[in-house]
Every structure is written in C-alpha cells, then in structure tokens.
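**Q** As listed in TrEMBL for this protein:
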BINDING   Asp67, Arg72, Thr129, Thr169, Glu203, Lys317, Arg384  NAD(+) binding site
BINDING   Phe200, Leu201, Ala202, Glu203, Lys258, Gly311, Lys377  substrate binding site
COMPBIAS  426-443  compositional bias 'Basic residues'
DOMAIN    370-402  domain 'UDP-glucose/GDP-mannose dehydrogenase C-terminal'
REGION    1-20  region 'Disordered'
REGION    418-459  region 'Disordered'
Amino acid sequence: MSSTSTVPSRVNGQAGPQNPALVVRGSDNLGELKVKKICCIGAGYVGGPTCAVIANKNPSIAVTVVDLNANRIAAWQSDNLPIYEPNLFETVTVPRDGIKGSREPNLFFTTDVDKAIADADIIFLSVNTPTKVAGQGAGLALDIGYLEAATRTIARCATSDKIIVEKSTVPCRTAESLRDILAANGKPGVRFDVLSNPEFLAEGTTISDLLYPDRILIGSLMDVHGQRAAAALASVYAAWVPRARIITMNLWSSELSKISANALLAQRISSINALSAVCEATGANVSEIAYAVGLDKRIGPHMLKSSVGFGGSCFKKDVLGLVYLSESLHLPEVAAYWKAVVDINEWQKDRFTRRVISSLYNTLMNKRIAVFGFAYKKNTGDTRESAAISVVNHLVAERAKSFVARRMRADCQINHAESNPANANHVHRQKPARSAKTKKNMHVAKTSRNPTLKHNLPSAVMVAAT
Ligand SMILES: NC(=O)c1ccc[n+]([C@@H]2O[C@H](COP(=O)([O-])OP(=O)(O)OC[C@H]3O[C@@H](n4cnc5c(N)ncnc54)[C@H](O)[C@@H]3O)[C@@H](O)[C@H]2O)c1
C-alpha cells in the first residue's frame, strides 16, 4: 500500500465520481492509500465469489483467496468449483485464468496463508462464525474462534500496515476484540485498522447480489485513520458500485446491521409461516394472503412465501446470536421476541411432517417416500440447516423408507464434514446426528442419472409417497 499526499475527501454515501481511479484520497496529512493487493482468509460461499467479483472489476489489484482446507483451494483452482451459483464459473475463470492477449490473471487461490497476509494491503476475514456448541453461550452465541485464530495469524505474519475487514457475520463489538488481539500480538510499528464490511449476498443469487448490491456498508472508527481505511476499501467497491450505495457508518452500527437484517428477514418468513397455520385451519389461502398484504407499500412482497421453514447457515445462527446479545444486555423480553422467530421455524418443520404422517393414515412404516429437493433453497448446492434434513430425519424415525432426489452436480458439492481439517470435528458436530438406522433407510437418488427426475426440481421440500 503506497502513500502520497493529496487533498482530503470523505466517502460518505453522497454522490461522487462514479468510477474513480484506485488512488483514493485519505484524511488530512495522511495521504492516499493505493490498494494493490488484497488477501481474503476463507474460501467458502462468501470469500470465493466476493473475491471473484472484486478481482473481475479491479484488474489492477491482485486478489488472493486463502484457506487451510487444501481440498477446497484445489477445487477453486479447477474447473469443478466447490460451490454452485448461477454465473459463478465465468466470474471466477476470467480473473483467475486471464484472457490471452487482453487480461492477465489477478485472482489466485492458495493455502499459503502467511505469504498472502504478508503481501496484502487489505485483508478480508471471511471465515465461518457458527453457533457455539460448547461453553458459555453454547447453542446461542456466535463462535468467533475461527475469526480469532485468523486474526492471530495476521498479527504473526504482518510486517507492514494492514487494513483488516470483517466480512464474516460477527457479534456487535467484535472489531474491538480483534483490535486488542492485533495490538497485543502484532509486530512493533505495524499499524492495523479494523473495518466492518458485512456481506448481504443470498445464496442462489450470489453473483447478481454482488454485482448489483442494494448497499455496501463500511463501518470504521471515526478518527482520521479509520476514515482513511474506509476510503481505501470504498475505492475498491467504487470500481462497479455507485458511490451513493457505498455507505460509511460507525463500526458497531455496521456490525449490528447485518444481524438485524437477517433477523428481520427470518422474522418475515416465520410470520407468514405462522399465518399459514391459521389459513389451513380456516380455509384461507396463504399465497393469496401474501399477495394481498405484500401489495401494501409499507409491507412489500419479498420474503413472504410460506414454506417448510427457512434453512441455510445464516438465519438461525444469526437470530440466535441476537437472542444471546439481548440476554447479555439483560433484555429478556427482547431475547424472547427474537427466539420466537426460530421457535416458529422449528414448529413449522415439525408441523409439515406431522401433516405428512396424518395424511398417510398415521403410519409410515415401510412406506416409500421420495423427497424432492435437499438443498436449503434453489440454485445452490448448500444443504446446511436445510429443512429437508429435519423432514427426512422425522420420516425415517417413523420407519419410512425415504428417498432423497437431489440434483447432483459435480461443481456444487462442498463437503462440510471435511471442511478445514482444523475445524473438521467442529463442523461435523453441527451436522444432524444420524443413527445407523437412519443412514440405512435414507437413500440419495442422483437425479442426473434419472431422466424422470432431472429437470425442474422444486426448491422447497416436496414429499411423495408410495
Ligand atoms: N453463506 C452465506 O450465504 C453468507 C452470506 C452472508 C454472510 N455470511 C457470513 O460469512 C461468513 C463465512 O460464511 P461462509 O458460508 O462463506 O462459510 P464457509 O464455511 O463456506 O467458509 C469459511 C471458510 O473459512 C475457512 N477457514 C476457517 N478458519 C480459517 C483460518 N484460520 N485460515 C484460513 N481459512 C479458514 C474454512 O476452512 C472455510 O473454508 C460467516 O460469518 C457467515 O455468517 C454467509
């Protein structure tokens, strides 16, 4: 990161140059920061695609994505990318492989974490922050253990000033802990500025969400160093995001905005699912209700589709994180309010299987049941917290023979159990425990080999019985 003296200018969401050069103006007397190298720690659903878009739009910046999981890195280097997303392949391969005669490669995937950190001007932290499974806050709090480990690695390897960017979803005030760790463990004379830059992409629409974001949030300390670091990060996004959509705010607001957004989105799903039960009891149609209320400008049509329940790696853990934060702040009523959002979701999944059972004469023993769709939503291979897992577990507990029809794609399979070797036990513990009997009764039909199931699999779980 080179520094030269220029006129100061703040990036604050006001209209400004649409596509400024990467040289950005910093605060008084500190000069400009010219971003040349970015490192991203964590090559998962967020780190890989986000860096592919950043590299695509900033050909003059070298972007290196690192992970401790060698299999995942090898997959990013290959034609069988470790995740499936529409348009991901071309978004990755253009900056990764370059274009003969017109574009040099500027996107790299490696397990050499230490070197990538040492070289970088900006370091994104995109590691997993799952729900804690042991100790204080187990079952509720977000586990920032991986974030802390990555931060300690940065402190050990950094020999020049770095901007550290929280991309992972974190509890409010995490940046303070990271700053403490860096201050206590970093080399003398090396400066670290910590920014919050939460990611709002949704799996299934990752690339278009990254290309056309509703907003980019950058949280920083309000001192000159914080604002200068925020301006440097803003310049990276300004290569393709209109300045008016790049919003700076204080660190804690930015961190809490992400959890708040997920809580409000999950709350809408639980609200419409709770109403679906009332509809079933009264003869009203929940789709008609959603349509009618969604036309109200104050409510809007999005996230009002009734379903078996929300899944994915984020909603449940982030709402539970908010529950834990509220409890920690001695706000039990607030905690109970948000906990109800998760409780309704679990209830909806149970309610769905109870209805299957009662419609099949209250016994599933030896009935052959096909479950169409196993990912947690359409256009992703991600099965984390999929409602289908809970449905299949219930069906098998009733001694049904369940068949999962799943669109198997060579390019969309992340094996969560074998994630980062250092995390393998942890990741595995998050998976639903399956007994030997469950495994025996559950079969996966590879739909790519079964022409009758190949096309148009529904995203939500659908169950058929014989
Ligand atoms: N998946 C989403 O849709 C989504 C959307 C927005 C935000 N987020 C948040 O982004 C973060 C990452 O989510 P994800 O879905 O990409 O997770 P992920 O599990 O797919 O990827 C995380 C990666 O980090 C790696 N890792 C962990 N510790 C490491 C270390 N010390 N050094 C190097 N690599 C390390 C793991 O091996 C793993 O590959 C989470 O906080 C999540 O809540 C996720």
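Cβ atoms here come from the backbone N, Cα and C positions, even for glycine.
Give me the local environment of each listed feature.
**A** Cβ environment of Glu203 (NAD(+) binding site): Tyr45, Glu85, Gly312, Tyr376, Lys377, Asn379, Thr380, Asp382 lie under 8 Å away, each six or more residues apart in the same chain. A coil conformation is recorded for Glu203 (NAD(+) binding site) in the three-state DSSP classification, outside any helix or strand.
Sequence-distant neighbours of Ala202 (substrate binding site) (same chain, 6+ apart, CB under 8 A from its CB) are Asp209.
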**Q** If we check Cα distances from Thr169 (NAD(+) binding site), which of the binding-site residues Phe200, Leu201, Lys258, Gly311 wins as closest?
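**A** Nearest listed residue in space: Lys258.
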**Q** Under the DSSP assignment, what numbers of helix, strand and coil residues are found in the domain 'UDP-glucose/GDP-mannose dehydrogenase C-terminal' (370-402)?
**A** 11 helix, 5 strand, 17 coil
**Q** Closest to Lys258 (substrate binding site): which of the binding-site residues Arg72, Lys317, Arg384, going by Cα position?
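**A** Considering only the listed binding-site residues, the nearest one is Lys317.
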**Q** When you measure from the Cβ of Arg384 (NAD(+) binding site), how many other Cβ atoms are you left with inside 10 Å?
**A** 23
**Q** Within 10 Å of Arg384 (NAD(+) binding site), Cα to Cα, which of the binding-site residues Phe200, Leu201, Gly311 are there?
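**A** Those near Arg384 (NAD(+) binding site) - Cα within 10 Å - are Gly311, in sequence order.
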**Q** Quick one: largest C-alpha distance among Asp67, Arg72, Thr129, Thr169, Glu203, Lys317, Arg384, binding NAD(+) per the record, in angstrom?
**A** 23
**Q** Mean pLDDT for the domain 'UDP-glucose/GDP-mannose dehydrogenase C-terminal' (370-402), rounded to an integer?
**A** 89
**Q** Could you give the Cα-Cα distance between Gly311 (substrate binding site) and Thr129 (NAD(+) binding site), in whole Å?
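**A** With the alpha carbons as reference points, the distance is 16 Å.
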